[in-house]
Amino acid sequence: MKLFKLFILFTIFNLSYLYSEDRLNYQLYEACESGDIKKIRELIRKGVNVNEKSDFIEDTALLIASRKGSFDIVKLLIENGADVNLNTPIRDAIMNGHYDIVKLLMENKAEYSNNLFKIIYIDSYLNKFVTESLTSLEIAARYEHRDIAKLLINNNADYKNNDWYAVKLIISKNYDDVFKSLLDKGININYQYSNYNNHSLLMYAIDKNSTNIIKQILDKKPNLKITNNSRKTAIMLAMDYSYSKDIMNIFFNSYVFDKYKTLISSYTNNNSVIEEINNMVTNQKLYLGRDTSFESKNGNTKSFEKGTYLISLCTALEYYDVAQQLIDIGYLDIDKNFNNTYPLLYAINGNDLEGVKFLLKNNAYIYNTINNDYEYYEDYKNTTLMYAIEKGNKDIVEALLSKKISLNENDGKELYLAVKDNKLEIAELLIENKSDVNTRYDNKTYLMIAAENNNREMAELLISKKADINTKVDDNKTALHYAFDNNNFEMYDYLKSKGAIETEDLKIKMQELKTLEEEKRIKEQEEIEIQNRLKEQELKKLEAERQRLIYEADRRALIEKNMNSINIAKGFNTFGIITMIGGALTAASPFMLNAVNGQPNNFDFFDFSKTDKTSKLNRTLFFTGIGLFTAGALTSIISSVYKSNLERKIYYSFAPIINQNQNGVLDYGYIFSFNYKL
């Protein structure tokens, strides 16, 4: 009975003690909430446990005081043994922006650097409570307490947690003073966010239009060649935004464009190409605004279409130094897709070997394809190498192959294109670079394609490179079948000579075909002989006609000559007759004068002894007339005889003719012939 009473008394004592202690703790929590430091001192004297947690939410006195911002109470509690890490009072001090308390807690070994603190808040979008684990620096940035953020950074708080989330918050809020603290701590300015499209810090600052931080990063000279997952540099990203002008001005006024400006100024002022390029750069115009032409560095005039990308303009005109500067600062994208093509494809299309080498040196993406609109039709896509093969430029193909392109990942299409178009040197180059000669493309081996197209040299190359001559495809055909099916019989015989197996069906078909070919050859030969005979006959006819025409021409010339002679003879005959008449009249003039004078006619004047003037005159007239008559008679007789002899050689004919014209219609008429007797 006594033991039972003692037990009851002991229990009552303990319960009263516990109630008294809970009562003291409750008073402590209330005093911390109200900021009653006197009450807290009194409770501490009474022995209150300063590290006791409250019911339900389990707050400690230090946590409450830190949340409320009561610096003196926090200091008092710490001095009286409050645990600075129990229930993480520093978290609440940071959230509520109590700088001095945060600093005090840190000085008293509160953990803040690598710890993750849970925070609970209402997500207005989801309309529910959300729990998140953040570092002290992330909390300070999230709740916009810049001074605390700087304090934490200066005391080496972790900023790398969760893909540098704290830095992301600082950049997005454009906290340049906080970011400066990070820079002073040696933050890696080229860090890239793996969970944000691989943006660098500079790209993220551009994305958030944090101009002050952009300037700070640029002052540290970051790597401007860094690209994100979209293969864009910081400058390229800046030009994509509506607010790009302000950001680009920051770039233009920073060190970034210093080398470019120096290079541009080194060219003469009247260089139209440089003026065009600089105008495009300073006005952020990546594409040519018109169809135009320029003179390249080596003096060649080249034409460009509207929309030509700036880097292609630079390389085509051989201004590689300018292009290099713009690439180095990330202004130009060597893999830019413009007009469904790329700078590398543009250079290949122009057979610009030096341009291709320049772009490859700058790591142009060699697997870009043409025909990208055909997103779901891979067979229609050609890589840069395929395009170069189709263009047939061996040197460009060789330059691309120097980049160790895999040649057997596109069903061997590269070698197929070379074989199909009989590009022998390129095919050999591809094979030397490990292109498999026995790969099938479109269910045909390369040797089958060569046999089909009757490309003997290509077949020789493939066989020399160990192409299997007897490979069969789905329809059980070999290269020999393809040669036969396309009537390439020299190829057929060549393949046989190299070990191609001739099946029985091929032997029979080949014999039948050879018989038909021989018959065809004989028939063609006969037709050729007939044609030759016809041609010979036609030539003989033409020669006879030519001789006839010559004969006719000669005869007409002779006739014309004789007609001229006849006309001359006629003239002499007429002259002779006139002379005869004149002579007769002259000889008769003495008698005519006597008759006129009424004197009798006599021949006294023939008496040469008479020397009177009348006798002399009459004798002169008579004998002169006789001489003229005689001369005229002789002239007339001789010319008449000559003319008669010529006229006897000439005859005329007048006969009817019937001819057939070109339309098969009979024409009737007459022909007048004027010929000469040879």
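Positions of Cβ are set from backbone N, Cα and C atoms, glycine also.
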Annotated coiled coil segment (source TrEMBL; candidates 408-456, 506-554):
506-554
When you get a sec, could you say which of 313-334, 621-642 is annotated transmembrane segment by TrEMBL?
621-642
Distal contacts, the repeat 'ANK' (410-442) - CB-CB under 8 A, six or more residues away:
382-383, 385-386, 389-390, 392, 394, 397-398, 401, 449-450, 453, 455, 457-458, 461-462, 465-468, 471, 473
Within the same chain, where does the repeat 'ANK' (132-164) have neighbours whose Cβ lies under 8 angstroms from its own Cβ atoms, ignoring anything closer than 6 residues to its ends? I mean 6 or more beyond.
90-91, 94-97, 99, 102-103, 106, 112-121, 170, 173, 175, 177-178, 181-182, 185, 187, 191, 193-196
